[in-house]
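Over in TrEMBL, the protein carries these features:
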- 349-358: compositional bias 'Polar residues' (COMPBIAS)
- 367-377: compositional bias 'Low complexity' (COMPBIAS)
- 390-400: compositional bias 'Acidic residues' (COMPBIAS)
- 349-400: region 'Disordered' (REGION)
- 1-23: signal peptide (SIGNAL)
- 296-321: transmembrane segment (TRANSMEM)
- 437-457: transmembrane segment (TRANSMEM)
- 491-509: transmembrane segment (TRANSMEM)
- 537-558: transmembrane segment (TRANSMEM)
- 564-583: transmembrane segment (TRANSMEM)
- 595-614: transmembrane segment (TRANSMEM)
- 620-642: transmembrane segment (TRANSMEM)
- 680-699: transmembrane segment (TRANSMEM)
- 705-726: transmembrane segment (TRANSMEM)
- 738-758: transmembrane segment (TRANSMEM)
- 789-808: transmembrane segment (TRANSMEM)
Amino acid sequence: MAGRAAPAPGALLCALLWAAAAAAGGGPGDIPAPGAFGHVYRGAVNISAERVYAFAYRSEPGQVDAVRVYVNSSSENLQYPVLFVVRQQKGVLSWQVPLIFRGLYQRTYNYQEVSRTLCPTEPTPETRPSDQIIFVDVASMAPFNIAYELLVTRLENFQLETNKAFNFTASPSQPQYFLYKFPQGVDSVIINVVSDAAYPCSVVSVQDIVCPVYDLDHNVEFNGVYQSMTKQAAITVQRKDFPGEQFFVVFVIKPEDYACGGSVPSSIHGNVNRTWNLQRTKNLQVTIVPSIKKSVYVQAMFFSFLGFLSFYLGSVIVAFVHYISTDMKLTVPPGSVFIAGSGMMTSSHPISASTPEGSSYGAIDESSSSGGRQLSSPERRPPAGSDTDSSVEEESDFDTMPEIESDKNIIRTKVFLYLSDLSRKDRRIVSKKYKIYFWNIITIAVFYALPVIQLVITYQTVVNVTGNQDICYYNFLCAHPLGVLSAFNNILSNVGHMMLGFLFLLIVLRRDILHRRAMEMKDIYTLDYGIPKHFGLFYAMGIALMMEGVLSACYHVCPNYSNFQFDTSFMYMIAGLCMLKLYQTRHPDINASAYSAYASFAVVISLAVLGVVFGKNDVWFWVIFSMIHVFASLALSTQIYYMGRFKIGECYVGMFRRAVMVLYTDCIQQCSRPMYMDRMVLLIVGNLVNWSFAIFGLVYRPRDFASYILGIFICNLLLYLAFYIIMKLRSSEKLLPIPMFCILATAVVWAAALYFFFQTLSSWEETPAESREKNRPCILLGFFDDHDVWHFLSAAALFFSFLVLLTLDDDLDTVRRDKIPVF
C-alpha cells in the first residue's frame with residue numbers, strides 16, 4: 001500500500017475497518033488502509049493493482065462535518081484515466097482524472113487536479129458522538145502504472161455565518177459549496193457574491209440539503225436556483241422554501257466564458273477536438289445578510305397608495321375651490337355667457353335665444369369675421385340634450401361640411417386662419433368621432449393585455465420551476481419576492497400609473513359633465529367661445545396611462561429582451577395621443593380619425609417588433625427603416641403645411657411632384673417668402689430632428705430599438721409642445737395659474753424622473769451575468785430601487801403633462817373663435 005497511514009482514532013475503529021473488508025470477502029490487496037486526514041498519499045495503479053483507503057472520524061452531536069478530497073495525476077492519457085470512487089454511509093461519489101469538461105462546439109478541456117467536497121453527514125439527535133467511515137477507491141484500466149496523489153481533509157469553515165464575509169477560491173475541477181442555516185427570527189436572506197475579476201465565468205447555485213450535491217458545470221442546473229456571474233451575483237432565499245431551514249450554496253467555475261459574455265480563448269479557435277489543460281481559478285467572497293421583514297412590505301404598500309392618494313386629495317381641494325368660486329353660479333345673468341367646461345362667464349359677446357337654432361358648429365356673426373361667414377343654409381338641429389346615439393353618426397367618417405370641396409380649399413388655405421375656420425363641422429358628429437378613440441383603445445387594451453399577462457405568468461412559472469434566474473433581468477440586490485413573484489417591488493411601483501390614470505379620467509369626466517350641464521342650462525347646442533370641448537382623446541389618454549402601468553408591471557414580472565416591447569407599446573400611444581390632442585385643439589375639423597391613428601400606431605409597434613428581431617446587426621433593416629422614417633416625415637409635413645388639403649392618398653408621385661413645383665416656384669423662381677412662415681419653421685426644425693434620428697440609427701444601429709423609437713416620439717412631442725406654447729405667447733394669449741403650475745411641475749418632475757431613469761440597474765442588451773454587475777441596493781424604504789423611483793416620478797410627470805394639455809387653453813374660454821389664431 002503506497003504511503004504510510006496514520007493510526008485511526010481508536011483501536012476499535014481500526015478493527016472495524018479490517019473486519020468490514022474481510023466480511024466482504026476481499027483479499028489482502030482489497031483491505032483498506034486506515035487513512036489520516038491531512039496526509040498526502042502517493043501511489044500508482046494499473047489494471048491489476050488498485051488501492052483502497054479508509055478514513056474514519058468522530059462526529060460530535062449536532063455538528064455537521066464536511067470532508068474534502070484532493071486528487072492529482074500527472075497522466076494526460078484520456079484512454080486510461082484514473083478512477084476515484086468515494087463511498088460514504090448514504091452515498092457514492094466518483095470521478096476520473098483527467099477530468100473532462102465540454103465547451104462550445106464540442107471543445108474539450110481536461111484537468112489533472114480535482115478536488116470535491118463530500119456530502120456532509122446530517123446531525124443526529126443523539127447525545128453522544130457518532131463514528132463515521134469513508135472509503136476511497138483508486139483504480140485504472142491502464143496496462144501500465146499511472147501515478148496519483150490523494151489528500152483528504154476535514155473542512156473547518158464549512159458553515160457560513162450571517163453578516164460575515166468568507167473568501168475562497170474555486171476552479172472548474174475544484175468547485176466549492178457551503179452550508180447555511182437560517183438563524184432564529186430571520187425569514188429571508190440575500191446571498192451576495194462578489195469577485196474582483198469578471199472572468200472566468202462562474203455559477204452560483206442554492207440547493208436543498210440533498211445528496212449528491214450538483215457541483216459540476218454539466219449538472220449544476222439540475223437542482224435549486226442558480227445564476228451566472230462575472231463580478232457580482234445576488235440570490236434572495238426564503239425560509240419557507242426550505243423545510244429543513246438550511247441549504248447549500250454551490251460555486252461552480254465554467255470551462256468557457258461565452259455564457260457570461262466573454263469569448264472563447266483565441267488560442268483554441270479552429271481546434272474543435274483538442275484538449276487543453278487550462279488553469280482557471282477565481283477568488284470569490286460570499287456574504288449572507290438578512291433581507292427585509294414583512295413589516296417593510298406593509299410600509300412600502302402604504303407609501304405607494306397613500307402617496308398617490310394625495311393627488312386625489314389635491315384634486316378634490318382644487319375642485320372644491322372651483323365649485324365655491326364658479327360652479328354655484330348656476331343662474332347666468334342677462335347678457336352673459338356660461339362657458340361650458342370651465343365655469344367661466346363673459347359678457348363680451350352674448351349669445352341669446354335669438355341665435356339660429358340650426359346654426360352650424362362654431363358659427364359666428366357675419367359682422368364679426370369674414371373668414372367665419374356661413375357658406376350654406378342652416379340645417380335643423382335637435383334641441384339641446386337630445387344627443388342621439390345613431391350608429392351612422394357615431395361611425396361616420398365622411399366630411400359633414402355642406403360646402404363644396406372648393407370652399408374648403410379656399411378656407412383652409414388662407415394665409416391667416418382662425419379657429420372658426422377649422423371648427424365648422426357639426427359638433428355631434430365631431431364629438432362622436434373623437435369618442436371612438438376612447439372605445440377603440442379599450443378594445444386594444446383588452447386584446448393586447450390578456451395574452452401579455454398569460455405570457456409573463458408563463459415566464460414566471462418557468463423561472464420558479466427551473467430555478468434559472470438568468471431568464472429575467474432583475475436588480476437582484478433589490479428584488480423582493482412576494483408569493484410567486486420574484487420582484488414584487490418593481491410591480492408595486494407601477495401602481496402610480498393606474499391610480500393617476502384613473503384620477504385623470506375623473507377630472508376629464510367632471511369637465512365633461514360641466515360642459516353638458518352648461519349646454520342644457522342655456523338650451524343651445526353650440527357656443528362660439530373658446531376651444532371646442534371634445535373629450536374623447538382625453539379619455540383615451542387616461543386609459544393609455546392606466547394601461548402603461550399594467551403593461552409595465554407585466555414587463556417587470558420577468559424583464560428581458562423578448563418582452564421589453566410590452567413596456568413601451570403604450571408609451572408610443574401616449575406620445576402619439578398627446579400630439580394628436582395638441583393638434584386637435586386648434587384643428588378640430590381636420591384631425592386624424594381614430595382608425596387611421598391606431599393603424600399608424602400598429603405600424604409603429606410592428607416596426608418595433610421587427611427592430612427587436614432584425615435591428616441588432618442587419619444593415620438592410622436600418623436602411624429600410626431610415627427611408628420609411630424620412631419619407632413619412634416629408635409626407636406628414638406636407639399634410640400639416642396644407643392643412644389636410646394635400647391629398648396624399650391619391651398619388652404619391654403627384655404629391656412629391658407638386659411639392660417640388662412649390663419649392664421651385666416659391667424659393668427659386670420667385671424667391672418669395674413662404675405663405676405659412678410659422679408652420680414652415682416648425683416643419684423644417686421637425687424634419688431636421690427626424691432626419692438626424694434616421695442618420696443616427698443608420699450609423700450607430702442602437703440595440704435598444706424600442707427605446708430608439710420612443711425617443712423619436714418624445715422629441716417630436718416636446719418640439720410640438722414648445723412650438724405651441726411659443727406661438728400661444730406670441731399671439732398675446734395668457735397662461736393661467738393652473739396650467740403654469742402644471743408646466744413647472746411637469747418640467748421639475750420629468751427632470752427628476754429622467755435622472756433615476758438613467759441610473760441603469762440592469763440591461764438585457766448584455767448577458768445576465770454582465771447585467772448583474774450594474775445591480776445596486778435599494779434606496780427608498782429599503783424596498784424600492786432607482787427604477788422604482790423612476791416609475792413613481794414618471795407617473796406623476798405624465799399626469800402633470802396631461803393636465804397641461806387639459807388646461808393650457810383655459811384662458812381662451814372668454815375669447816370668440818374668430819379671434820383665436822390657428823398655428
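Note that Cβ sites are derived from N, Cα and C of the backbone, with glycine treated the same way.
Keep in mind the model is a prediction, meaning the values are calculated, not measured.
Of the candidate ranges 491-509, 564-583, 595-614, 595-614 has the most C-beta pairs within less than 8 angstroms of the transmembrane segment (620-642). Counting Cβ pairs under 8 Å that are 6 or more residues apart, the transmembrane segment (491-509) and the transmembrane segment (537-558) reach 3 or more and are in contact. Long-range contacts of the transmembrane segment (680-699) within the same chain: residues 622-623, 625-626, 629-630, 633-634, 637, 640-641, 674, 708, 711-712, 715-716, 719-720, 723, each at least 6 residues beyond the stretch ends and with a Cβ under 8 Å from a Cβ of the stretch. Of the candidate ranges 296-321, 537-558, 564-583, 564-583 contributes the most Cβ pairs within a distance under 8 Å of the transmembrane segment (595-614).
Of the candidate ranges 537-558, 564-583, 705-726, 789-808, 789-808 contributes the most Cβ pairs within a distance under 8 Å of the transmembrane segment (296-321).
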